[in-house]
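For reference, the structure is listed below as structure tokens.
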Amino acid sequence: MEDTSGQSKDVQSSPTPEEGPANFIHVQLEEYEPADFSTKDLILKKAREVCTCSRQTIITFLCRLFPVLDWLPRYNIKTQLFGDVVSGLLVGVVAIPQSISYSLLASQDPIYGIYTSFFCNIIYVAMATSRHNFVGPFGVLCLMIGQSVDRHLRLAGYGDSSAGSSLGGNSTSVSNGTDLCDRSCYAITVALSLSFLVGLYQILLGILQLGFVAVYLSEPLLSGFVAGSSLTIITSQMKYLLGLNIPRHEGVGSFILMWVDLFRYIQGTNVCDLVTSLVALAIIMPVKEINDRYKEKMKAPFPIELLVVIVATVISYYFNFEERYGSAVCGDIPTGFSKPTLPDINLFSSLAVDALPIAVIGFAMTVSLAEIFGKKHGYTVCANQEMIAIGMCNLVPSFFYCFASSAALTKTLLKESTGTQTQVSGLVTSLVLLLVLLWIAPLFYSLQTSILGVVTIVNLRGGLRKFRDTPRMWQLSKLDAVVWWTTMLSSTLLTTEIGLLVGVCFALLCVIFRTQRPRATLLGKVSNTEIYEDQSAYKQLSSIANIKIFRFESSLYYANKDYFKTVLYQKTGVNPVLLAAKHQMMGAQANADTSNSKSFFGTRFDCLKPAKKRTEKPPSDASPPSIDMHTLILDCGAMQFIDTVGLSVLKEIHRDYKEIGVQVLLANCNPSIRHQLREGGWAGRTDSGGQLAFHSVHDAVRFAEQWYRVQQGSKEKKDALLDPEDLDFQVSL
């Protein structure tokens with residue numbers, strides 16, 4: 001027979017019961033010959049492709065590296081420009097206060113957050129495959145950057161920043177003719193070096209096509225990490241809301257230590273900062289909830305954050321909150337751009353470890369958001385190109401006083417909800433930020449840091465809302481819920497970096513646990529069909545007489561080999577090793593009884609020399625235990641692979657069951673497993689992985705039933721040919 005795919009089917013009749021019953025048609029598929037693989041030829045082929053230089057090759061390379069060259073010539077001004085302009089303006093308005101507030105979280109001056117949003121958007125427009133992502137300061141990354149910066153500030157001998165001091169300026173002090181950075185200058189120096197390393201890591205991951213690394217950061221893990229980081233961020237901003245001058249703790253237990261200090265120094269709360277914070281929260285929170293609830297009916301969300309920032313700045317300026325009440329303000333924010341600078345190479349060795357989790361979280365958030373909105377709006381996203389794009393957004397801006405960034409969730413959602421069509425909206429956002437950098441920035445001199453803390457906390461509502469999803473997650477998957485809580489608690493109570501590492505390790509352990517102790521069931525047949533399902537999950541399934549069908553819902557490898565055998569013996573109720581041992585003991589006992597009988601007859605009746613003697617029946621309690629099956633079928637449909645240890649286990653099972661008269665068949669093996677069985681000779685000489693490995697459970701059942709009938713027929717014929725007189729010998733005296 002020949003099928004439509006071009007593969008031929010060989011129909012064979014097996015002549016002997018050992019190979020199969022004569023009337024059973026065993027289907028074997030002829031496999032394609034494996035392609036010749038030469039490492040040398042492959043390397044030479046790739047080298048020729050890389051070294052080939054032509055006009056088309058250069059154009060293809062540039063379009064792949066800069067996707068804007070592909071989509072911008074096809075840009076439709078009439079249908080796309082309006083949505084991009086409106087979305088870009090609204091996102092730019094929202095990005096102003098958030099960029100300033102996240103600078104505070106990263107232990108930087110406000111101007112650097114605006115720099116970061118400005119430069120990153122321009123680069124991302126040119127290199128991104130996503131149409132909706134907004135790249136800029138992200139709360140979780142800013143927290144991690146701030147922790148690293150504060151640690152290096154302490155190592156360099158700088159004291160903790162005062163909550164009441166001005167945050168602006170990038171001044172230097174001159175000592176003995178040498179320019180020395182002040183605290184603000186050294187903080188941005190550390191952040192620039194960190195951003196350079198983060199971008200370098202991400203570009204290398206993209207070039208090496210290692211985008212699959214992001215799959216190890218599962219959704220429950222990322223969700224728990226964001227929730228735990230949100231709690232830490234809120235805690236770090238509480239001192240600004242209360243106007244307290246307390247140090248910023250780092251390391252394990254910093255979350256608890258910060259709350260201890262908050263209650264210890266709460267009597268020093270600045271009443272002015274507390275009142276303005278409560279008023280700002282009372283205004284922003286309800287409006288943000290209204291924006292979320294009616295976002296489908298509203299053309300654009302109301303920019304309440306920018307309005308509160310403007311009003312608070314005006315009130316603080318006219319009532320002179322800084323001098324009259326001692327409130328902390330942003331201070332002098334310079335206009336224009338600073339001269340490009342090189343990252344400090346001397347800091348690379350101490351920042352190399354800090355940059356790794358920031359790089360992983362940054363590209364994971366960017367790629368996940370890009371894929372979410374790409375699927376929603378029907379366009380493809382290249383994960384490796386996204387990694388290169390976000391890497392360039394961190395590498396190049398590190399020369400222009402920018403800290404590490406990634407796709408920001410809240411502003412990306414805002415872009416998508418306000419009708420953005422392409423990344424042209426990112427250019428519009430950059431123009432809005434350019435206006436701030438050139439003219440508007442100094443007007444925020446009197447803006448209280450407590451207002452920035454409120455803006456940061458309000459934008460973490462999404463992370464806190466994830467707590468509401470945990471009951472539903474527990475119902476769907478208890479292991480995923482445990483991963484979420486483990487990551488959240490470790491990120492909160494330990495540190496963000498350790499929490500991420502703990503979450504990844506625990507998630508991998510859960511995967512190993514699932515494969516090490518998977519579900520194992522016995523299958524039954526659905527009446528009048530060829531369907532076999534789990535007997536413990538479905539009703540009205542019929543068992544096959546004297547045939548057990550065992551399904552192991554995982555790959556078989558060294559870690560679960562013992563569990564495989566244990567659960568197999570438990571489900572089938574037959575342990576071939578113990579049964580073989582009992583048969584051996586009873587055979588030895590029977591031989592001993594026979595020898596005793598021979599000795600008795602030899603001494604008393606030496607004259608009798610019979611040709612055959614009848615062996616005495618063993619006692620009833622010494623009879624071998626009965627086995628209620630003649631065939632064991634292993635359903636391998638859920639096995640993706642087996643290693644050498646798993647192959648040895650299958651050989652061992654086949655040998656052990658054969659010793660007690662039970663044949664073992666395999667079903668639903670994928671081609672790679674069939675090849676491994678054939679090469680390893682799992683069934684010995686009787687089969688090389690072909691006739692005892694079937695393409696379906698039903699074929700294996702039919703083979704087993706007909707094989708048993710042939711065996712029974714052969715046994716009856718042998719019994720009929722035996723002479724009854726040879727079987728019964730009586731001694732007569």
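Each Cβ is built from the backbone N, Cα and C atoms, and glycine gets one as well.
Just so it is clear, the model here is predicted, and its values are computed rather than measured.
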May I ask you to indicate which of 46-72, 262-288 is given in TrEMBL as transmembrane segment?
262-288
How about the transmembrane segment (186-208) and the transmembrane segment (347-367): do they have 3 or more C-beta pairs under 8 A, pairs 6 or more apart in sequence?
yes
For the transmembrane segment (388-410), distant same-chain residues with Cβ under 8 A (at least six beyond the ends):
65, 94, 98, 106, 108, 111-113, 115-117, 119-120, 123-124, 127-130, 133-138, 141-142, 145, 188, 191-196, 198-207, 337-338, 340-343, 355, 358, 361-363, 365-366, 369-370, 459, 462
Does the transmembrane segment (220-242) reach the transmembrane segment (300-319), going by 3 or more CB pairs under 8 Å (6 or more apart in sequence)?
no
